[in-house]
Structure formats: structure tokens, C-alpha cells
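Some notes on the structure that comes next.
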């Protein structure tokens with residue numbers, strides 16, 4: 001094959017008058033009788049190829065025989081187009097073909113290769129190699145590649161060492177479920193795929209590699225949603241002899257380079273810092289969207305003595321009353337639309353939603369009759385009311401109130417269009433609690449992980465009241481999504497033991513699971529700290545996508561399966577016997593059903609499409 005001159009999408013006026021060799025896919029063919037136009041597509045874009053009667057009868061026949069998605073080689077001369085297409089990068093020129101070689105024909109694809117398609121997601125994933133030909137996905141995958149390039153360049157410039165950590169490790173029952181890999185050599189024992197390289201990278205600090213980074217593949221067996229996949233990539237870093245500021249400086253430098261190299265945006269540093277308490281009380285979230293205001297306001301002082309028992313009763317029971325004001329919401333939201341929000345926040349355990357409108361100097365709505373003149377003046381002052389606002393209020397336990405208003409705030413912001421487009425707003429959330437209470441588990445868990453260093457006061461509290469301790473941890477948030485998180489790590493055995501004890505570990509369990517770590521901490525372990533950024537989520541947001549699948553070449557669907565290769569799938573009985581696994585009877589019918597379905601699909605495919613002559 002002859003060497004390609006350039007990508008089809010890069011053939012601009014600078015090539016005018018030159019002979020070129022191009023390769024790509026046929027996007028579209030238009031036969032006008034004496035002229036045939038071919039849109040030739042590759043990863044960089046589309047260029048128009050023209051074949052006319054002067055090109056010869058054979059070339060005209062080849063051009064006329066082409067179908068969409070045929071793979072071709074084109075040779076020809078770059079000439080000016082008679083009519084410029086300003087919508088195309090290549091719109092000033094076209095290629096006057098002298099030779100076309102059909103490298104492979106294509107059957108009619110199950111969906112058209114273009115950005116706007118109506119194909120079902122399952123179909124797109126089954127034919128993912130076709131889906132990935134669409135320009136929007138190619139741009140997203142290329143953007144992800146540019147992020148990776150920037151990461152490698154930055155850490156190399158800063159003297160970090162790229163070290164791979166094991167994929168096959170030991171299972172830990174903490175956190176999400178592990179993906180388990182059975183051992184053939186040790187029947188009944190299992191490896192676990194890593195949920196993160198956390199302990200390995202800490203051990204590397206103990207080994208003296210004071211600046212580590214890795215693009216780490218991680219695995220979590222958890223329920224999926226738009227911003228999660230069972231396998232994902234972390235931009236992982238760890239350093240020795242640095243405090244929080246040092247790690248944050250490196251992180252800001254990395255983000256600055258990514259934003260410049262990938263988005264051509266100059267990120268302003270230092271990035272703003274707010275405490276966890278401020279984030280929760282002002283935004284209702286530890287992942288605050290700081291692109292817009294609509295802050296939460298504490299109305300407890302206004303209503304603590306109110307005759308409206310929904311408010312004063314909640315406060316008396318140790319709860320709070322908070323609210324947000326939606327500008328112009330008085331006209332935009334009818335009673336019916338507001339009541340729909342009541343059902344929405346019940347999922348966050350809120351008992352109800354109180355609301356009032358402020359128009360023409362008057363309050364109206366269900367709770368207006370309970371407002372004293374003093375209440376009204378206080379609300380006007382608290383929210384700086386100008387007129388036209390809708391005020392929504394939740395009274396309940398602090399966590400219920402903040403969760404409910406956080407989600408209402410986000411929903412109102414989207415509905416009223418106050419979120420600025422094309423803005424990437426970063427913020428550090430610092431000074432986290434060391435522990436948080438998990439209602440589902442009914443116990444305290446680590447807010448980040450069990451290896452996070454408490455602050456100085458928190459170290460003392462580990463012995464007396466650990467759940468009041470604060471952590472030396474920090475999250476980097478962008479546009480209301482957590483991009484990454486990190487912390488100062490525990491580097492002394494005594495503190496690590498206290499941490500495990502506070503989490504409810506017995507000494508036996510702690511040493512069975514993490515004895516190697518505690519032994520290491522006694523061997524001259526340095527102070528160390530680190531951070532991990534979710535590459536997939538960062539790429540998704542920079543690409544303007546709503547789902548991580550759009551920045552992942554071969555993702556799983558919402559059921560954690562992969563329709564193209566049919567993974568996961570049953571395996572041969574002998575393979576199971578080799579690793580000492582037997583499928584329980586209750587699952588045998590399901591496995592057999594899956595095997596039969598896959599066999600049938602394979603046979604139908606072979607019967608319909610195969611050229612194999614047995």
C-alpha cells in the first residue's frame with residue numbers, strides 16, 4: 001500500500017495543486033450522471049472526492065458501485081471547489097480522483113454512521129466498532145487520549161515515576177464488592193481485582209519512591225449509572241514528605257496543563273478552597289456546583305419560636321429549617337409543578353416541602369398565613385428579596401434537609417437555565433469529617449478510607465470520641481461532580497490501630513486483613529499523601545457528554561454486560577473443574593439458557609453471513 005499523504009479531514013487549501021493518496025470510509029455517494037461525488041471520511045473529518053466522465057469509464061463505474069462504509073484508497077489532485085462549504089474544514093477544496101481502489105466492501109450497517117442517530121443503545125454497543133466510527137465518539141476518544149498524553153508529560157516533567165501495581169490482589173470486604181478471580185493453584189482461594197491501588201502506592205512510599213504516579217485500572221462490582229462503569233481508570237499519584245498544600249499544588253499544575261493542552265483554557269490557580277461544613281451548609285452537598293448561586297439559607301433562627309409547628313417542631317427535635325430562593329420562580333412554577341417537587345424529595349427521606357412566593361411586596365402560598373410580620377421581614381432580609389422569587393423550605397434532620405435542597409437546587413438551576421455554558425469551575429473541599437454514619441449499614445464508616453490521617457485534634461479524639469474527628473483530606477470538585485480525592489495518609493502503626501478500632505475492627509480481623517501494612521508502618525515509613533482523579537469522569541465532562549460510556553471505547557451497559565462479545569458468559573465445565581468451582585443448581589437453568597441463546601445467535605450469524613465452505 002502506498003503511504004498516506006495525510007488524513008482526509010486535513011486536506012485543506014495548503015494541499016491545493018498536489019497529488020495525494022488518501023484512505024478512509026465512504027460516507028456518502030452522489031451520482032449526478034456526468035459527475036460522482038464521494039464523501040471520504042476518516043478520524044479527522046471528511047473531504048469531497050470527485051469523479052467525472054473525463055476520469056474514464058472504469059473509474060466512473062467504480063465510483064458508482066460504492067456503498068456507504070466501503071473502505072477505499074483514493075489517489076488524485078487537490079483542486080479548488082467551485083462552491084465553498086464553510087461548514088467543513090476541507091470545504092475550500094476537493095480531490096479530483098485519478099484512481100480508486102476498493103479495499104473492502106461493507107454490508108448495510110444496522111444504523112447510519114453519523115452523529116444524530118436513533119439506534120437503541122443495545123444495538124450501538126453490539127456493533128460498537130461501528131458506533132465508534134461516528135465523529136462525536138471519535139472526538140471524545142481522541143480527547144481522552146489527549147488527557148492521557150498531558151498526564152504523562154506533566155508527571156514526567158515533575159520527576160514522578162510511573163510504576164504499575166498488581167491487578168491480582170487480596171480481597172477486602174470494606175467498600176464496594178470486589179471482582180473475584182479464583183486460583184487454580186490454590187483451590188478455594190481467590191484474588192481480587194483492585195478497587196484502587198491505595199495500599200500498594202502507600203507501600204511504594206515506604207520503599208522510597210517518593211513521587212509515584214500511574215494510570216491505574218480499577219474494578220468495582222457495584223450498581224451502574226451514567227457516571228460509573230465496573231472498570232475504570234484513575235490518574236493516581238502519591239508523594240512523600242509533602243503536606244496538603246504540596247499535593248494540591250501538584251494537582252492544580254496537572255489540571256492547568258490538561259485544561260490548556262486539551263481545551264485551550266487557561267485555568268486560574270490557586271483554586272478556591274471551602275470547608276466541608278461550608279459546602280454542606282451553603283450548597284447542600286460535598287460536591288458543590290459553584291457555577292451559580294441559589295445558596296441554602298439557614299432559617300432556623302427565624303422559625304425556632306414559630307407557631308407553625310412543622311418548622312418549630314423540627315427545630316425542637318434537633319433538626320433545622322433551610323430554604324432556597326428561585327429567582328423569577330413565582331411566575332415560572334405553578335402549584336402543580338411545585339407539588340411535583342414534593343414527590344421528588346421524598347426519595348431523600350424528606351417529609352414534605354413548604355413554599356411561598358414573593359410578588360409585588362406580598363407573600364402568597366400554603367404557608368403564607370403562618371408567617372408573622374416579623375417572619376416576613378426576616379425572610380426579605382435573609383434572601384435579599386426583590387420580587388418574583390419562589391422560596392422552597394425543608395424542615396427536618398440536617399442531613400435530610402441538605403440532601404433534599406441540594407437536589408432541588410440542581411434541578412431548579414437546570415430548569416431555569418441559570419447554569420453558564422462552557423464554564424469549568426473547580427473548587428477544593430477540605431477539612432472533612434473522618435467518619436460518616438451509613439444508614440444502610442447501621443454503623444460508622446470512613447468518610448474516605450481507613451488509611452486517612454486525622455488532624456491533630458482528631459488523633460486525640462480517636463481515644464475518646466472518634467466520630468467527632470476531622471480528617472486531613474481534600475476533594476477536587478468541578479461543576480458539581482467529584483473529580484478526585486486525596487488525603488494525608490496514616491504513617492504510624494499506633495494511629496492506624498486506633499483508626500481500625502474506631503471503625504469496629506477487632507484486633508484479630510485488623511491483623512488478618514492488614515497486618516502487612518502495620519508491619520510496614522514500623523519500618524521507617526515516611527509521612528506521605530496522595531490523590532486520585534477519575535479519568536473517565538473528567539473526560540466525560542470535558543467532552544460535554546452525559547455518560548462515561550461515550551468516552552470509553554468498549555464499555556459495559558447498565559446491566560454490566562457487553563453485548564458485542566457477550567461478556568460475561570458461561571464457560572466450559574472443565575474450566576470450572578480446574579478451579580474447583582461448581583455452579584449451584586438454582587443457577588443451572590439460567591446458565592443453560594444463556595449457552596443455548598449464544599449458540600443459536602452464533603449459528604444464525606454463520607448461516608446468514610459466512611463464506612466458509614466446509
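Placed from the backbone N, Cα and C atoms, the Cβ positions cover glycine too.
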For this session: Pick the one from 229, 496 that Swiss-Prot also lists for the ATP site with 220, 221, 222, 482, 534, 535, 536, 537.
Result: 229
For this session: State the residue range annotated as region 'Aspartate' by Swiss-Prot; the candidates are 194-197, 198-201, 202-205.
Result: 198-201
For this session: Taking the Cβ of residue 448 (L-aspartate binding site) as the centre, count every other Cβ atom within 10 Å, in any protein chain shown.
Result: 20
For this session: Could you break down the residues of the region 'Aspartate' (198-201) into DSSP helix, strand and coil, giving a count for each?
Result: 4 helix, 0 strand, 0 coil
Exercise. Counting across all protein chains shown, how many other Cβ atoms sit within 10 Å of the Cβ of residue 489 (L-aspartate binding site)?
Worked result: 26
Problem set entry | Within the region 'Disordered' (587-614), residues counted as helix, strand or coil by DSSP | 23 helix, 0 strand, 5 coil
For this session: Please state whether DSSP places residue 535 (ATP binding site) in a helix, a strand or coil.
Result: helix
Problem set entry | Integer Cα-Cα distance in angstrom, residue 222 (ATP binding site) to residue 448 (L-aspartate binding site) | 17
For this session: Work through the binding-site residues one by one (222, 482) and point out the residue whose CB has the fewest other CB atoms within 10 angstroms.
Result: 222
